[in-house]
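Residues annotated as transmembrane segment in TrEMBL: A:12-36, A:56-78, A:90-114, A:126-151, A:158-181, A:201-224, A:249-271, A:291-311, A:318-339.
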Amino acid sequence: MEEHRVKWVLGFGLLVALLLLLFMANIGFGSVSIPFDDILNVLLGEKASRSAYTSIILMSRLPQTITAVLAGAGLAVGGLQMQTLFRNPLAGPSILGISSGAGLGVALVVLFAGNILGVTISGYGLLGHMTVVGAAFLGAFTILLLIVFFAQALRDNTILLIVGIMIGYAASAIIGVMKFYSPKEDVHAYVIWGLGSFSNVSWEHLLILIPIVLIGLVMSLLLIKPLNVLLLGENYAENLGINIRNTRLAILFCTGILTAAITAFCGPIAFLGLAVPHLTKGLFRTSDQKVLMPAVILAGAVLALFCNLIARLPGFDGALPINVVTGLIGAPIVISVIIKRRKMNANG
Amino acid sequence: MPMDNAVLLQSNDLAVGYRQSGNKSLVLHKDINVQLHRGEFACLLGPNGAGKSTLIKTLSGFIPKMAGKVSVNGKALADYKRNELAKVVSVVLTERLQIPNMTVFDLVALGRTPYTDFFGMLSKHDKQLVKQAIDDVGLSGFANRQLVCMSDGERQKAMIAKALVQDTPLIILDEPTAFLDLPSKIEIVQLLKKLARERNRGILLSTHDLDLALQLADKIWLLAQGRQLEAGVPEDLVLANGFRRFFEKEGILFDNESGSFKVEREQMKTIRVIGKGVEYKWLSHALNRTGYQTTVEEGNYPNIEIDSNANKAYILHQTDGSRHALRTIEDLLLQIRQE
């Protein structure tokens with residue numbers, strides 16, 4: 001037991017250190033290099049040596065960094081919850097079709113409005129962006145309600161999982177039809193949204209995103225005990241006094257609002273939600289959600305910051321979409337986990 | 001530990017089955033009247049598809065009863081609140097749990113769920129109980145072992161430890177030995193019997209292992225499709241032809257004398273076997289298996305004499321006076337068949 005404790009304390013120490021380091025790096029690095037003193041001064045509310053630094057940090061890099069932290073933490077929590085609830089290592093926050101729902105909402109606005117009403121949303125600036133965010137949130141929330149409805153009717157988790165995946169396919173199919181009949185420019189605008197970005201979130205948006213993500217994270221901490229018991233499967237959990245139906249609804253709702261809000265503001269961020277729980281489980285070697293949940297929150301933020309930093313490395317200059325980076329980092333992780341699992345089963 | 005002989009689980013005219021779509025329901029068994037006492041180890045036996053699982057699920061509170069009454073400690077099962085029930089009935093199921101990164105300690109500790117706080121933090125007392133239970137099921141030293149690195153039998157022992165720390169008077173196990181090898185099965189069933197007695201728990205086990213049930217169960221409940229459940233002490237059930245009736249199938253007969261199944265076969269020829277001890281037993285076994293009737297009486301049939309001296313041999317005297325000495329039963333059977 002004590003051996004574990006030491007390992008866990010070291011693990012948390014490492015994650016917190018990485019978080020601070022990458023937070024500062026995200027603010028410091030970019031196409032304009034800013035001296036460390038100036039970064040500190042601006043963050044502490046004092047004057048920087050050049051006023052441009054202040055505006056770059058406060059208007060661009062700080063909101064982007066905070067967004068990455070929120071998105072990484074939120075999606076990772078969603079991933080852990082889905083993997084635990086469905087007892088499936090390949091489940092992620094987008095498994096239930098919620099991000100497809102967001103995509104459908106955005107497609108309706110970007111493609112449909114452009115096609116039928118002759119309005120190009122991308123030409124409307126901030127107002128247009130808010131419309132996209134609203135549509136994405138509405139789409140994601142509609143799918144979430146649908147999933148919750150099915151969750152109440154279906155007892156079997158596996159069937160619920162399949163229903164979620166099918167809903168996602170259906171949404172993607174509708175998007176496909178709309179893409180097919182839309183002009184190139186609109187499709188391009190949709191594809192750009194689909195690549196994901198932490199940089200389109202302003203302070204006004206953060207005022208909405210921060211509270212939703214915080215609610216989701218607090219809720220996830222409150223669900224630690226039932227999630228732990230659910231590791232044994234629903235029958236054992238029920239016998240141990242867990243109210244399966246309510247717990248499942250709470251978990252779905254928690255993952256749902258996190259995914260809906262983050263996808264609405266940042267686009268569908270791939271792989272983070274799937275990969276971070278695996279990374280964390282590998283680091284902490286435990287199934288205990290009391291350890292994993294806070295660890296996943298930290299690790300999600302760390303990995304999102306890391307991906308965002310790579311996307312902004314000199315030379316790329318923000319040209320590299322976030323999904324390209326998360327995919328390139330996430331895919332090898334998922335592959336290694338699958339191979340490791342196979343080995344474990346072969347040995348067991 | 002004091003033996004408190006109170007009735008723990010009781011059913012009166014209980015009917016079990018499933019609610020189907022609409023207002024229909026499928027009743028599998030009705031008029032079930034059984035009792036389980038504290039300290040008692042009962043085995044529920046029956047062929048596949050007999051409805052064992054449905055009865056087990058009803059008694060553990062997973063599915064509602066169709067009619068009648070079930071009570072635990074004198075209180076109707078349905079009247080228990082969710083968290084109260086978790087402190088009265090614990091279960092061990094057939095499913096094989098493969099939970100990556102979970103240790104035996106983690107698993108057993110989850111048995112304390114009904115007693116722990118909002119976040120499921122373990123108190124010193126909880127930890128002590130968990131360690132004790134791990135020792136009690138014979139997994140001392142395995143506390144930090146990962147479940148995925150353990151055998152199926154060891155994992156089911158851990159599940160039994162989980163049931164122990166759940167600290168319920170009643171423990172119900174639904175075919176927990178179904179996928180285990182024979183030594184593990186014996187170990188688990190012995191362990192359950194011991195726990196029932198020493199911990200004064202009522203333990204109900206559904207199983208296919210007739211031999212083990214006959215040897216170790218205090219009570220046996222027999223369940224077959226379209227029949228009334230019969231319960232009683234194993235020996236009474238044997239004498240009342242209970243097993244015969246319940247496991248009737250063409251070509252298979254429950255032998256009341258040996259307490260095991262015999263495959264009915266036409267007996268072809270009689271052979272006299274002379275000898276004793278373990279060789280005698282297995283030679284008779286081999287002859288019976290290959291369709292010969294064995295006897296110790298003299299008569300006009302072939303004789304087999306077992307020579308248990310240094311040069312162990314089976315000596316076959318045919319009715320025509322020929323004599324063969326053979327080293328193994330295999331050679332002997334070959335020789336008999338040739339004649």
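From the backbone N, Cα and C atoms, a Cβ is placed for every residue, glycine too.
Counting Cβ pairs under 8 Å that are 6 or more residues apart, the transmembrane segment (A:201-224) and the transmembrane segment (A:249-271) reach 3 or more and are in contact. Across A:56-78, A:90-114, A:126-151, A:158-181, A:291-311, stretch A:291-311 shows the highest tally of CB pairs under 8 A with the transmembrane segment (A:12-36). Sequence-distant contacts of the transmembrane segment (A:126-151) (same chain, six or more residues past either end, CB-CB distance under 8 Å): 96-106, 108-110, 160, 163-164, 167, 171, 193, 200, 202, 205, 248-249, 252-253, 256-257, 259-261, 263-265. Between the transmembrane segment (A:291-311) and the transmembrane segment (A:158-181), fewer than three CB pairs separated by 6 or more residues in sequence fall under 8 Å, so the two stretches do not touch.
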